[in-house]
Amino acid sequence: MAESHLQSSLITASQFFEIWLHFDADGSGYLEGKELQNLIQELLQARKKAGLELSPEMKSFVDQYGQRDDGKIGIVELAHVLPTEENFLLLFRCQQLKSCEEFMKTWRKYDTDHSGFIETEELKNFLKDLLEKANKTVDDTKLAEYTDLMLKLFDSNNDGKLELTEMARLLPVQENFLLKFQGIKMCGKEFNKAFELYDQDGNGYIDENELDALLKDLCEKNKQELDINNITTYKKNIMALSDGGKLYRTDLALILSAGDN
C-alpha cells in the first residue's frame, strides 16, 4: 500500500496518513533510526519502479538523512517531501506555526474553554482559519475529512481530542521546544508543590520573574535536556500561554505536569 502511494505524482491526505502509519512503526509521532532509513529505501525503490525522478525536495531529503543514524523528522517535514495535495499541505505551512511562540498564542486562541485540549469543533475552526489565512477555502465535507485525519495523525492516546504536546507536532522538529520538556515532566503532586514554591507571593499565578527562577532551577537540575543559555526562549514561549502576563497553574501544567499524582 505505502509503495503504491509513494509512486504517485500526487498524494491525497488519506494516502499521506497511510504512509505515515506504515513507517511510524512505534507510534511515537516521529520517524527516526530504522524507521527513517526504511522510508528512504522504499521511497527510492518506489520512484525507480514507477520510472519517476526524485523531486528536488526528495533529493534534498535523501541527501540530508540518507547516511545519518541520528536523523529525526516529524509529520511536518514529511509533508514537505512528498507531493501532497495542496490544501492539505498548506496546513503545515502556515506562518502561525513557524515559531513556538506563535504556536502557543494560536493554542490559547483555539482552546476556547481553557480545558487544556482542543476538541473536534475547536480543531475544525483552527484548520478552517489556517486555510483562510492562506486564501484557500474548502467545503464542509473536505474540512471534516482534514479534521478527522489530523486527529488520526496527532491524537496519540486516541481520546478524540488533542493535548498541547500532540498539537505541537504541527511544528517542525527543530522548532518544537516542548520536546525538551518531555523528559522532565513532574507528576501532579510534584508539580503542585513546585508551583506553590515559585508562586512566591501566593497570588495563584506565576509572573515572568517567578517563571525565570523556576526555569533556572530546572536547567540546573536537567542539564542533559535543557540549556540554560536558552532560558529567554523557553520563557518567551511559555509566557505566550499566559493571560496578560499571568501564568496560571493550568497553563504551566500543560508544559510541566505529566498529570498523574
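Here the Cβ of each residue, glycine as well, is placed from N, Cα and C on the backbone.
Since this is a predicted model, take the numbers as computed values, not measurements.
Taken straight from Swiss-Prot:
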MOD_RES   Ala2  N-acetylalanine
DOMAIN    11-46  domain 'EF-hand 1'
BINDING   Asp24, Asp26, Ser28, Tyr30, Glu35  Ca(2+) 1 binding site
DOMAIN    98-133  domain 'EF-hand 3'
BINDING   Asp111, Asp113, Ser115, Glu122  Ca(2+) 2 binding site
DOMAIN    142-177  domain 'EF-hand 4'
BINDING   Asp155, Asn157, Asp159, Lys161, Glu166  Ca(2+) 3 binding site
BINDING   Asp199, Asp201, Asn203, Tyr205, Glu210  Ca(2+) 4 binding site
Tertiary contacts of the domain 'EF-hand 1' (11-46) (same chain, 6+ residues out, Cβ under 8 Å): 1-5, 54, 58, 61-62, 65-66, 69-75, 78-79, 82-85, 88, 145-146, 149, 152-154, 156, 166, 169, 173
Cβ-Cβ neighbours of Asp111 (Ca(2+) 2 binding site) (radius 10 Å): 21
Cβ-Cβ under 8 Å with the domain 'EF-hand 4' (142-177): same-chain residues at least 6 beyond its ends: 13-14, 16-17, 20, 27, 29-30, 72-77, 87-88, 91-92, 97-100, 103, 107, 116-120, 123-124, 127-128, 233-234, 237, 254-255
Asp199 (Ca(2+) 4 binding site): tally of other CB atoms within 10 A of its CB: 19
Cα proximity to Asp113 (Ca(2+) 2 binding site), best match among recorded positions Ala2, Asp26, Glu35, Asp199: Asp199
Residues of the domain 'EF-hand 1' (11-46) by DSSP state, where helix covers H, G and I: 24 helix, 3 strand, 9 coil
Among Ala2, Asp24, Asn203, which are recorded as recorded positions, the nearest neighbour of Asp155 (Ca(2+) 3 binding site) by Cα: Asp24
Candidate recorded positions Ala2, Asp26, Ser115, Asn203, Tyr205, pick with smallest Cα gap to Lys161 (Ca(2+) 3 binding site): Ser115
Sorted by sequence, non-Asp24, Asp26, Ser28, Tyr30, Glu35 residues with Cβ within 8 Å of centre, Ca(2+) 1: Phe23, Ala25, Gly27, Gly29, Leu31, Glu32
Nearest-integer angstrom distance between the alpha carbons (Cα) of Ser28 (Ca(2+) 1 binding site) and Glu166 (Ca(2+) 3 binding site): 11
Extra residues within 8 Å (Cβ to Cβ centroid of Asp199, Asp201, Asn203, Tyr205, Glu210), Ca(2+) 4: Tyr198, Gln200, Gly202, Gly204, Ile206, Asp207
